[in-house]
Structures are given as structure tokens and as C-alpha cells.
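> My questions will all concern the structure given below.
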Amino acid sequence: MKKAFNMVWILAVVLLIILFVMSIHKFQSGKYPEEINMGEMHLHSHDIQDAHDALIHTDSDLPEQSCPELTAQPGEEPVRTYQLQAEQTELTMDNGKRAKAWTFNGSTPGPELRVKEGERVVVQLSNKNVEKGVTIHWHGVVLPCSQDGVAGVTQNAVMPGETFTYEFIAKHPGTYWYHSHQQSSEQSSKGLIGRLIVEPEADTYHYDHDYAVTLSILDDRYVLTNGHENGIQLPAEPGDTVRLRLINASNLVQWMSIAGTDYQVISMDGQDLNKPGMLVNTKIPIGGGQRYDLLFTVPEQGAVRVYSNDEEKWSIRIGSGEVFDIEGTESAFDFTRYGEPVSTDPIQSNTVYDKEFNLDLGAVNINGEQFHHIPPMIVKEGDKVKIRLQHQFGAEHPMHLHGHLFRVISKNGQTLTRSPVYLDSLLLFRGDVYEIAFEADNPGLWMMHCHNLGHAANGMSMMLNYDGVTTPYTVGTIPGNLPD
């Protein structure tokens with residue numbers, strides 16, 4: 001009887017694997033249509049080719065706005081200018097070996113861009129030799145539609161020999177990053193990533209050092225901490241206070257542990273938490289695309305080490321002394337039970353929402369569909385929007401929404417009652433059910449997708465479209481715009 005049961009179980013697992021592989025193959029075989037306009041998704045049926053001939057129109061009486069016309073308004077802000085060149089090249093790794101990489105300005109990650117809150121940021125992107133084109137998406141930055149850097153939605157991919165200039169106001173201080181959104185899974189993995197730090201006009205915290213660290217995997221082979229294979233050392237003296245900005249630019253969830261001191265999580269995805277408490281022996285799960293800012297003091301007798309599951313690879317040592325572990329059992333950080341509530345809260349339990357959406361997350365699909373087969377979420381400017389996300393099957397899903405910050409309002413049916421949490425990327429484990437909310441205050445055409453970019457490349461992407469907003473750009477094999 002036991003053998004028969006085991007055989008049934010094995011067959012069931014094999015069947016699930018076969019169905020999963022078949023769904024991937026089905027999507028990959030017809031991954032992109034020849035051409036489709038992502039601003040017309042609500043006009044498209046499952047017969048994509050027939051629907052492509054539909055005229056551009058909406059049933060709304062709203063005036064049409066084109067994404068390229070939605071730009072940063074002229075002003076007298078201080079201007080910070082950068083130039084980034086995308087290039088296929090080779091890098092010399094720490095072990096002396098040569099590795100093929102795609103880089104911004106010859107390195108991965110590319111240059112760290114540090115700007116001040118309120119500054120106008122101007123970045124000229126040039127493509128030296130990346131054959132299928134590149135873009136820059138400013139991950140987590142709230143900016144106009146035209147500057148979002150999504151190939152086929154907000155611009156055409158920048159081909160070899162071409163340039164494109166991005167311009168936006170750095171309105172929100174915090175920790176952000178940038179990466180190509182043309183074939184984003186492949187191009188980010190090959191090295192087209194970098195850090196963007198927006199420093200506040202007036203900081204809430206005092207610290208002696210402000211370090212930003214990118215965790216990445218180059219070409220599925222090299223595990224890198226700020227571009228180095230075997231971890232990094234950052235200078236600090238005993239008694240120094242350190243702000244450490246952790247950016248997960250890989251697809252994997254990084255469980256980061258902190259040894260040698262207690263600490264605070266002061267910010268998630270660039271957004272401050274209210275009155276964060278001290279933590280000890282608490283590891284932090286950072287999903288793909290997410291950012292966590294930590295604040296701690298280097299102990300008088302030693303140093304601090306921040307490290308992931310793979311202690312030798314993703315490892316950051318701060319200070320030069322010995323690291324003394326704090327005794328106790330390590331637990332997992334839970335942002336839903338952290339910090340303190342605020343006295344005035346714009347989102348109340350009795351908020352009436354204009355639009356509500358339910359998204360069931362499968363292995364690499366949303367509501368059982370993939371990419372351009374998924375109907376977009378249609379909103380109007382001023383709408384109060386609530387989205388229910390349920391993770392039903394597969395590995396972890398860090399879900400990222402472009403162009404907006406959303407408030408996490410509940411997890412597994414329990415309303416958040418501690419610090420308000422505003423994110424652009426939310427990590428869901430299997431079985432999790434979250435409700436998030438935001439005001440539709442940034443007209444445009446915005447992607448929402450899993451930031452395990454391998455999942456996105458296999459179809460786990462959809463659109464949040466504002467009614468009346470159009471785009472002249474198209475996605476598909478004919479225009480060569482492949483945002484993944």
C-alpha cells in the first residue's frame with residue numbers, strides 16, 4: 001500500500017513538472033507577437049494578429065495623452081548630468097580570469113549616481129555595440145511615463161550608434177537602482193545595472209558613513225558584491241554609525257544576516273519606516289529588485305559582517321576588527337510587525353476604492369495568462385486603487401510596479417497596524433496574500449511584473465494603463481522592442 005501511495009505521489013509530481021515545462025514551452029514558442037501596442041491592450045483579444053488591426057480609441061471622454069509627451073516640466077532646479085555608455089566587453093575578475101560582460105562605462109555595476117532631492121537629473125545613454133539595443137529603467141523612481149525606459153512602451157530600444165537622453169526630477173530621497181529594460185532578464189544578468197542614490201535635503205538620521213552595496217550575479221556564474229567575487233571590506237572606526245544600503249540586483253531572494261551588532265531597518269525601497277526598533281539575530285529576506293537600508297554602530301571591540309546564505313560570496317565586512325556573534329536563535333524580519341504607527345494616515349480602513357483588482361500568481365503567470373495575453377488594469381487619474389495579490393504556486397515572486405509607490409495594507413487577512421510601509425517591489429512567498437493600495441496620480445503606461453526577471457521573461461508581466469494614455473511605440477519581433 002505504501003509503495004502504491006509513493007508511486008502515485010511520484011507520478012503526480014512528474015505530471016506537475018511536465019505541465020509546467022509545457023506552459024513555459026508554449027509561451028517561449030510564441031513569446032512575442034510580430035507587433036503589438038501595449039497601450040491598446042484592452043482592445044486585444046486572444047487572437048492577437050486579428051486584434052492588431054483595431055483602431056486606437058477608448059470609450060472615455062478623457063483627452064488623449066501620448067506617453068512621450070508626459071515629461072518633466074521645465075524649472076530652475078539644479079541640474080546633475082551624467083553620461084552612460086552601454087558596451088559588450090570583457091572584465092578581469094578577482095581571480096584573474098576574463099569574463100564576458102555588458103557594462104555601463106566599462107564596469108558592472110555601472111557608476112553610482114548620487115544626486116540631491118529636488119535636483120534635475122539628466123542622463124545621456126549611448127549604445128556602443130549591444131546589438132539588440134538597450135534602455136535604462138530607473139527602478140523605484142517615480143517619474144514621467146516618457147522617462148521610464150521600457151522598450152516598446154515608453155521609447156524604442158537604443159540601437160548601436162544611437163543615443164537617448166533621460167531627464168527627471170529626483171523628487172523622493174532614497175535608495176534606487178537602474179538597469180536595461182530591453183531583454184531585461186538577459187541584459188541585467190550580463191551586467192547592465194547600477195546604483196542611484198537620492199540624498200535627502202535634511203536627513204532624519206546622523207551617520208558617519210553612507211555605503212551602498214549591489215548584490216548581483218553576472219551571467220549566472222559570478223556572485224558579486226559591488227562587482228567583487230569574494231565579498232568586500234568597508235572602512236569604519238569603532239563607534240562609527242553606518243548607513244548601509246543593500247540593493248538586490250539578482251533574481252534570487254537574499255537572506256541577509258548581520259553579525260557583530262544590533263541594527264535598525266530604517267528604509268525599504270527608498271521609503272523611510274516610522275520609528276524603527278532595534279533588531280538582533282534577525283535575517284532579512286531581500287527579493288529581486290528590493291532595497292533595504294540598515295543603520296548600526298560599529299562596536300568598540302570589533303567589526304560588523306553582513307552576509308547572505310552563501311557566506312563567502314555575498315559578504316560585507318565593516319571595520320577592521322574581529323566580528324563577535326551575538327548569542328541567540330536567528331529569526332526572520334517581518335516588516336508587517338515593525339516600527340510604530342503614524343498619527344495621521346492617508347489610507348484608512350474605511351477607504352472607498354474606485355478600482356479593485358485580483359491577481360493570482362502562478363509559477364510564471366498571472367491569472368492563468370502570460371504577458372500580452374493578460375488584460376491590463378485600467379485606471380483613471382485620481383482613482384484610489386487596491387490590488388489583491390495571491391501567490392498560489394511556484395518560487396518566490398518579488399512583484400514590481402513601475403511609476404508608483406504603493407502602500408501595503410494587509411497580509412494574509414491581517415491589517416498592518418505598525419509603521420506604514422510604502423514599496424515599489426513586494427516579495428511574496430508561496431501562500432502569501434497581500435493587499436496593496438495607491439492613488440493613480442501618475443498618468444502613463446506602466447508595467448507590473450515579477451522581478452525574478454527569469455519569471456518575467458517567461459511571461460509574468462502585465463500593464464497598468466491610464467485611460468486615455470497612448471504610445472506610438474510597439475513591442476514585438478518587427479520593431480525589435482523586447483522588454484521582457
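Yeah, the Cβs are placed from backbone N, Cα and C, and that goes for glycine too.
The following feature annotations were taken from TrEMBL:
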type: DOMAIN; residues: 87-202; note: domain 'Plastocyanin-like'
type: BINDING; residues: H139, H179; note: Cu cation binding site
type: DOMAIN; residues: 223-307; note: domain 'Plastocyanin-like'
type: DOMAIN; residues: 358-465; note: domain 'Plastocyanin-like'
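Mind running through what each feature is packed against?
Taken residue by residue with DSSP, H179 (Cu cation binding site) is part of a strand.
Mapped onto DSSP classes, the domain 'Plastocyanin-like' (223-307) shows 0 helix, 47 strand, 38 coil.
Over the domain 'Plastocyanin-like' (358-465) the predicted model carries a mean pLDDT of 97.
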> List the helix, strand and coil residue totals of the domain 'Plastocyanin-like' (358-465) as derived from DSSP.
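The composition, in the requested order, is 8 helix, 54 strand, 46 coil.
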> Looking only at the domain 'Plastocyanin-like' (87-202), how are its residues distributed among DSSP helix, strand and coil?
9 helix, 53 strand, 54 coil
